[in-house]
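S.K.: Relevant sequence annotations retrieved from TrEMBL are reproduced here:
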type	residues	note
DOMAIN	42-289	domain 'G-protein coupled receptors family 1 profile'
TRANSMEM	28-50	transmembrane segment
TRANSMEM	62-80	transmembrane segment
TRANSMEM	100-121	transmembrane segment
TRANSMEM	142-165	transmembrane segment
TRANSMEM	205-227	transmembrane segment
TRANSMEM	239-260	transmembrane segment
TRANSMEM	272-291	transmembrane segment
C-alpha cells in the first residue's frame, strides 16, 4: 500500500558537478575535453598500428587491441554526456538512456577486467613455458578467448541491468554523479535491493575477482620463474615485459573496485574515483602499455618515416 502512494521515476537528473562554482565547472569542461580527445587519439593510434603492422600480430598485441577498443568505448559512454552537462542547465537523462549508459559502462569496464586477466595468462605462458607458447596461445585459441570474454560480459551485464531497471524508483530522480553509475542508481530504489546487491557481488566475483586471481597466480609463477633465471639481462627483460601490464592492473582494479564493492550507504564521493577511471586513466594507458613497447614504437616510427619520405 505504501508503494501505491509513491510517484515513480520515469527519468533522472544527473547532478554531476553542479555543486561546484561555474568557473570551476568550465575548467573541468576544458580538462575533460582535452583528456577525451587524447583518449580517442591515443587509442585510435594504438589500435591502427597494432592492426596494420604484421609484426605486431601476436597474442599480446591482439588482446591489447581488444583492450584499446574497450577502453575507447568506455570513455565514449560517459564523456560526451558529461561534457554537455557541464555547459548546460538541463541535465536530465531518460530512463532508457540511463539504462543504456550504465550497461555500456559496466560492459566495457568488466571486459577490461577479463582482458587484463587473459593478458596476465599470456605473459605467464610466454615466460614460464616459452617453448609451448606458440601452441598454447595459437591464433584460434586467442580468438576463442576474446570472443568468449565478450559473450560472457554481454550476457551477465545485460541480466544485471535488467534486474536493476525492473526496480521501482520513487525516492528521488536526482543522481549525485556525472553518469548513471550502478551504486548511485541503486540508492534511489524505494524497495529492498538485497537481491540486486547479491547479483552485483556475484557478477563482480565472476568478471573482476576471478580475472584478478588469474593475474595474481600468473605473477606468482612469473616472479618465481624469473628469480630462477641465471641471466641478469634475461630477468630484466622478463620483468620489463610485465611492468606496463602490472601498472595498468593496479590503477584500473584499484579505482574500479573502490566504487563497485562499497555499500549503498557509503558516503564516499564516487565522482572522484570515477573521474580517474573514466577520464584520467584512459589517455595514460596507450602510453603506459603500448608506447613504452619497443615493437610498437618501432612500428610507429617506421610508419611516420614512411609517410615523410612519401611526401
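From the backbone N, Cα and C atoms, a Cβ is placed for every residue, glycine too.
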S.K.: Within this structure, do the transmembrane segment (272-291) and the transmembrane segment (28-50) have 3 or more Cβ pairs under 8 angstroms, counting pairs 6 or more apart in sequence?
M.R.: yes
S.K.: Is it true that the transmembrane segment (62-80) and the transmembrane segment (142-165) have 3 or more CB pairs under 8 Å, sequence gap of 6 or more?
M.R.: yes
S.K.: Let me spell it out: take the transmembrane segment (142-165), skip the flanking residues so only those 6+ beyond its ends count, and list any with a Cβ under 8 Å from a Cβ in it.
M.R.: 59, 62-63, 66, 95, 99, 102-103, 106-107, 110-111, 114-115, 118, 182, 185-186, 195-196, 199-200, 203, 206-207
S.K.: Summarise the model's confidence over the domain 'G-protein coupled receptors family 1 profile' (42-289) as a mean pLDDT value.
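M.R.: Computed over the domain 'G-protein coupled receptors family 1 profile' (42-289), the mean pLDDT is 88 on the 0 to 100 scale.
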